[in-house]
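Report on the structure given below.
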Amino acid sequence: MGFKCGFVGLPNVGKSTLFNYLTKLNIPADNYPFCTIKSNVGIVPVLDNRLNKIAQVVCSNKIIPATIELVDIAGLVKGAYKGEGLGNQFLDHIRDTNVIMHIVRCFENRYVTHIYGSVDPVRDVQIINLELILSDIEVCKNRMCKLEINKLSHNKQVNKELLILKKCVYHLEKSKSLRSLNLTEEEIFVINYLRLITLKPVVYIFNISIDQSRNLYKREIFDIIKNEHNAKTVNVCLDLMQSSKNDVSAYDHLSLKYKQLFNKMLKNVIWAGFNALNLITFFTAGKKEVHAWTTTNNLFIFQSVKCIHTDLSKGFIRAQVISYDDFIKYKGEKRSKELGKIRIEGKRYVICDGDIIHVLYNV
């Protein structure tokens, strides 16, 4: 089960630099707009201290963490929805992601250029959000035109979708994202195939300076995003690396204090994306390996184990389940079983974060 986080923002705000440090890649991240043209993709581990503790209990030397896919998408500009700055191509890349990581520059630095000549985080957020909204309006209206042709057939499904799309367009034309529209699960299911961008969860990543006096960290930004449904925010400080042309080797020259600070920021970015997607982690554990698996919260166990192998989902019979806390407290399966802490669950069991499972199946 793959989950994609797309880095979105104006050109030259730090997307590629952040991508490099998270993925340990060295894609170009130079100080000029549209340095990135094609989207870059990298897989990053979701660091979880529970893995090491489980491995100690089962005496396993092999640990496999959960992962998230990151996509570094070229910068958007005004008019992107009409194709400005290769906008259509970039917007399609955003549609293919599961969560938007919106990077905003919030600091002054005369050595780092800005595509609009000045640093204004509020304006920059509004530019990107408006382009995404206009793109969704265009997608909805194009679909509505096609549906209108079939409207006379009195097809209930066609009329149902038309009503939902009209509701969406009305909301979008008030410059509001679809995240802030209270669509039902059924309504979302009907239009999900359109991959509407403003319906996706969002994380705002504020690229700040280590020198707080240079930060334009305006309260107005939060006034803009406060109505975003469950929008997450996180700070990063990428100007720590500017002196070395964004090469990942710049990290080696940081002091221990700044290394710890930078590592914490990177970890916060990954977990912000993880939480925005409403994901949880469950585990399989044995001497051969300890493996973390990622699934959407509130799924039945037979649905969740599909990420391990489709056969486990198709032929699911039952699962042996123990919570992480009990597994660690009682030092493994044997003592946990003696104390009645291991449960046998059927396919309608809703898997919980931290569950350690063993599945019985037959195909």
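Every residue number used here counts from 1 along the chain in the order it is shown.
Glycine residues also receive a Cβ, built from the backbone N, Cα and C atoms like all the rest.
Quick caveat, the model's predicted, so the values are computed rather than measured.
These come from Swiss-Prot:
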BINDING   N12, V13, G14, K15, S16, T17  ATP binding site
BINDING   S16, T36  Mg(2+) binding site
DOMAIN    3-257  domain 'OBG-type G'
DOMAIN    278-361  domain 'TGS'
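Feature map: annotations from Swiss-Prot on the structure.
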{"residue": "N12", "record": "ATP binding site", "CB count, 10 Å": "22"}
{"residue": "V13", "record": "ATP binding site", "CB count, 10 Å": "28"}
{"residue": "G14", "record": "ATP binding site", "CB count, 10 Å": "24"}
{"residue": "K15", "record": "ATP binding site", "CB count, 10 Å": "28"}
{"residue": "S16", "record": "ATP binding site", "CB count, 10 Å": "25"}
{"residue": "T17", "record": "ATP binding site", "CB count, 10 Å": "26"}
Fill in: Secondary structure tally of the domain 'TGS' (278-361) (DSSP, helix then strand then coil)
24 helix, 32 strand, 28 coil
Discussion item. Taking DSSP as the reference, which of helix, strand or coil describes V13 (ATP binding site)?
Written reply: coil
